[in-house]
């Protein structure tokens, strides 16, 4: 899983106002959550279980000052891993010391805020699937901010019609239209595989340098977070929990896909049974399993012995 998809935690302000019920704070939410609070569905199809900032800012006591926000992760030395998904993270260390498991709750709003690939906001120029996936989280946020500042202008590809928020994302996409016979195509010096996209070639080169090895089974990986995900198969750790139903996952990408099942927007519909799904992959699985079996004719009944 690319480093750009890591969702950083946001530390809340530890102050409480009179007249307002004590709120709870989710690690990745940017607003306080009231127990049992309900409201109409938001723009992303979820109920906004949050207390608006205006309701507690008005009752702030005179002379009360908020402590300055501290960084969510302390600075680490160059040889240390500050990445929470690294194999040397404190979370993995607690597992190997036999301490209790910790699962953080994540809501879909956290992915809309921090995930560069997140898209589909109602009335807001729904981007395509590959619009900012290569650019990463920071690039995705910058691209969306630039699109809003520029009146929603999108950069369109002249060959396939796909649109992108930034010209750099469009330029990166145009590389995929190159021919393998083009002079701009490059080959891997190790295995000779040809690529027309330079970011794809860069990711491929990492597969020939498997520096991160599992201390349990010896399997090697090109990236520390890939090793971290593999280590969870040994520890049983599931640190990514759904804030809506409580189901936990070992990998953030699996949680992101699961979040779509809670969405009110299900765009993919089966043509045979009219059932709708939030993800195209779920529709494919449904068509291959349930509908495909229902459409098959029953096997012929074997004829009995002739009398």
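Just so you know, glycine gets a Cβ as well, placed from its N, Cα and C.
What Swiss-Prot annotates here:
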type	residues	note
COMPBIAS	124-148	compositional bias 'Gly residues'
REGION	1-20	region 'SNAG domain'
REGION	34-90	region 'Disordered'
REGION	116-148	region 'Disordered'
ZN_FING	155-177	zinc finger
ZN_FING	186-208	zinc finger
ZN_FING	212-234	zinc finger
ZN_FING	240-262	zinc finger
ZN_FING	268-291	zinc finger
Intrachain neighbours beyond the zinc finger (186-208), with Cβ under 8 angstroms and 6 or more residues off its ends: 134, 172, 175-180, 222-223
Local confidence of the prediction over the zinc finger (155-177), expressed as mean pLDDT: 86
